[in-house]
Structure formats: C-alpha cells, structure tokens
Amino acid sequence: MSFSSLVQDLTLRDSGAPRRRGDASVSTINDAASRTSHISRAMSYASTAATSVSISGDISSQLHAGYSHPLARSWQAERQLTKSMLIYPLFVSDQDDEEVLIPSLPGQYRRGVNKLIPYLEPLVQKGLRSVILFGVPLRPGTKDALGTSADDPQGPVIRSIQLLRQRFPHLYIVADVCLCEYTSHGHCGILRDDGSLNNQLSVDRISDVAVSYARAGAHCVAPSDMNDGRIRAIKLKLIEEGIVHNVTLMSYAAKFSGCLYGPFRDAAGSTPSFGDRRCYQLPPGGRGLARRAIIRDISEGADIIMVKPASQYLDVISDAKELGKDLPIAAYQVSGEFAMIHAAAKAGVFDLKAMAFESTEGILRAGATIIISYFTPEFMDWLSN
Ligand SMILES: NCc1[nH]cc(CCC(=O)O)c1CC(=O)O
Ligand SMILES: [Zn+2]
Ligand SMILES: [Zn+2]
C-alpha cells in the first residue's frame, strides 16, 4: 500500500455513515476499533517509511472532527450571543413628536418621548431586554457651560426613564451619564478658564445627574465622561441617597479617543466647539492606561466594566475580562464601527448580517458578556433564542 493510498484509506474509508464525497472535513470513521487499527497501521507504516511525514500516530492533528457539524461548531465558543446580552442605544430628543433619521447612522433615528413607546413595542415583543438612553436637547438656549439641562425633570431622559419603566416593566433601563450633550462647549464636564476640565466640579455635577436618573427609575447609570474619580463619587452619593442597592453602576472604564464617535456626535449634537477629548479619553495605544483605569474603576465600586470602541480594542476587552474576572464586561460597538460595517456592506465587500455576527462573535470571544449595539433590533429578528 502506497503512502497516499494509506492516507486515503485512513480518511475516506467507508464506515457505513452517510458521507458527502469530496469534502475532506467529513471523514467519518465511526467504529472505534477500526479507527484504532487504522491509526496503528498508519503509525507502523510511518515509522518505517523513508519519508516519515507527520501522519505518524498524529491523533492530535485531527481537528476537523470537532466542528464538522453546525451544533459542534457552536460548542467551540465560550459564549453564544443571546438577546439578553444586547443593549440598544436610543437617542431621545426634546422634540416630543419628532422622529428624524440620523444620516450618518444607517437606520437609526432621533426620537421624541412620544415616539419611543410605539417604536419599542414590537422590539420588546421580540425579546429586547435593555436600552441605553442618550438625551439630545435641540431647543435653542437649552445648553450652558454647566450642562444644567442634563437632569431637568422635564428633559427627555428623565421623562423617558419614567415612561419606559411604566410601560415596559421588564425592560432594563440604562442611562448614559455625561454633560457633553448639554454643555454649550460640548465637552464632557465643567471647564476651567483655560479650557481644561475642572475635575472636581465635573465629578460633583456628574454624580448629581447620575443620582437624578437613578431616582427617576434608571436600573443602571453609565458615566461616559472619563473624569477621574466619578465612579467613587456616584457610588457614595447613591449610598447617601439610600438607593445604592438597586442601581447598577456601569463604568465606561476604558473609553478611547479617536474618530469612531463621529456619527454619534452628529446624532447627539455633542461635537466639542473647540479642541478635542484627548486629555480625558484614552490614547488609542494606551493598553496599560486602560488596565489602570479598569483596576481603578473596579476599586471605586463599578458593577460593570465597559470597553469602547469594541472591535479595535479586543485586547482591552480581554484585559478587562482578566482584571474584572468577577464582573460582567460590556463592550460598546460604537457608531463609527456600525457605520463602517454598513458602508462596506453597501459597497459589496461583505454581507451585512454575516459581518454583524462575525464582529459580535469576535467581541464575545475577547471576553465581553454584554454588547451595546446598534444592530440590536436586527438581532431580535436574527436570533431565534
Ligand atoms: N460622552 C459622550 C458619548 N457617550 C457615548 C459616546 C459614543 C457612542 C457611539 O459612538 O456610538 C459618546 C461620544 C463621545 O465621547 O464623543
Ligand atoms: Zn461626554
Ligand atoms: Zn456619554
């Protein structure tokens, strides 16, 4: 028997099981005894062969066997994407009856409070479990240097929280906490005269806003401002208010600066009027800095650690999983990532749904247990679980 015919004999021998021809991955030798004898024949052959290539008893080289079936393929993943892992970002404006498409964010709208319920109704029916709210004040004169309108009881976020709690008792409501949507300068805090962030004033203000959202009924508050020490400040204030026991604190712990937030800033009208966010959001190469921020926020009392953006920072997600091995890890697939996938799909580079799944699977593999995604409504249709 020649070397090649032995290999053929090994891999394509009829075992009685149904088998597709010409597909090397469906070599099926069902019978354990016959498998053993074939392998030992291969071993003895290989050991005497002059060209002793590596089929020599190489049981460990046989990987295809583990994923020849779709179900077995799914078993290779540590975590399967489920509907309950997804949080859907919503932009709520102060124009109660408005529903306006956001041009740079395909299929996403800015909605007034009155448009929210009818839009969410079918999604909740399909299994939507959680949303994250971003307020968008459009009325002229609403913004000022202190972001005063962020916790206006008549503002879009607080009214939406109350309405959603009432209407959808099983929907988990996350409120993004930041000032950039509400400040005249568009930065994520209160500024000194020289234009830099006044950390102490910012943290005081942001923790007040977080408490207001929590009091309104948010299940979770998520500060995205990146001021130092805001996790501790919010936690302490929630304790002081006596509501700490049922308000989750999700930290945007590793939030990187860069060009992937453009469509969001269009949607939220939160582009800084001068400068950029590089003195508070992390530098893209700063893996160590991200680890320090994650460690810090865990020690300050974060209940969930978030990494953002997602696909460009899979190593950081993996670090977060390691550093926060006892915490849920969230990843935010941000507006720019979403827009890129749409643009590439439109250009015929790949199929939209296939890439939505592939990118999400990568994020889960890196260690995320929660994904904030603009694809969430699609996933309600795409996932049957
Ligand atoms: N603090 C603002 C905020 N909260 C969430 C996002 C980004 C979300 C996205 O791009 O989808 C941003 C943008 C920014 O920091 O400029
Ligand atoms: Zn901000
Ligand atoms: Zn924010």
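Backbone N, Cα and C define each Cβ position, glycine as well.
As written in TrEMBL, here are the features:
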{"type": "BINDING", "residues": "C178, C180, C188", "note": "Zn(2+) binding site"}
{"type": "ACT_SITE", "residues": "K255", "note": "active site, schiff-base intermediate with substrate"}
{"type": "BINDING", "residues": "R265, R277", "note": "5-aminolevulinate 1 binding site"}
{"type": "ACT_SITE", "residues": "K308", "note": "active site, schiff-base intermediate with substrate"}
{"type": "BINDING", "residues": "S335, Y374", "note": "5-aminolevulinate 2 binding site"}
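Recorded features from TrEMBL, shown on the structure.
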residue: C178; record: Zn(2+) binding site; Cβ neighbours (10 Å): 27
residue: C180; record: Zn(2+) binding site; Cβ neighbours (10 Å): 22
residue: C188; record: Zn(2+) binding site; Cβ neighbours (10 Å): 25
residue: K255; record: active site, schiff-base intermediate with substrate; Cβ neighbours (10 Å): 26
residue: R265; record: 5-aminolevulinate 1 binding site; Cβ neighbours (10 Å): 17
residue: R277; record: 5-aminolevulinate 1 binding site; Cβ neighbours (10 Å): 20
residue: K308; record: active site, schiff-base intermediate with substrate; Cβ neighbours (10 Å): 25
residue: S335; record: 5-aminolevulinate 2 binding site; Cβ neighbours (10 Å): 24
residue: Y374; record: 5-aminolevulinate 2 binding site; Cβ neighbours (10 Å): 24
Do you know offhand how many angstrom separate K255 (active site, schiff-base intermediate with substrate) and C178 (Zn(2+) binding site) by C-alpha? 13
Within 10 Å of R277 (5-aminolevulinate 1 binding site) (Cα basis), scanning binding-site residues C178, C188, S335, I find C188
Give the helix, strand or coil assignment DSSP yields for K308 (active site, schiff-base intermediate with substrate). strand
Same-chain neighbours of the Zn(2+) site, Cβ within 8 Å of the mean position of the Cβ atoms of C178, C180, C188 and not counting those residues, run in sequence order as G147, L179, E181, T183, H187, G189, S224, D225, S270
Under a three-state reading of DSSP, tell me whether S335 (5-aminolevulinate 2 binding site) is helix, strand or coil. helix
Which whole-number value in Å describes the distance between the Cα atoms of C180 (Zn(2+) binding site) and S335 (5-aminolevulinate 2 binding site)? 16
Scan C178, C180, C188, K255, S335, Y374 for recorded positions whose C-beta lands under 6 Å from an atom of ligand 1 and note them, or write none. C178, C180, C188, S335
Report, in whole Å, the straight Cα-to-Cα distance of C188 (Zn(2+) binding site) from R265 (5-aminolevulinate 1 binding site). 12
Distance, C188 (Zn(2+) binding site) to Y374 (5-aminolevulinate 2 binding site) (CA atoms, angstrom): 22
Got a sec? Which of C178, R265, R277, Y374, the binding-site residues, have CB under 6 Å of any ligand 3 atom? C178
Going through the binding-site residues C180, C188, R265, S335, Y374 in sequence order, which have a CB under 6 Å from an atom of ligand 2? C180, C188
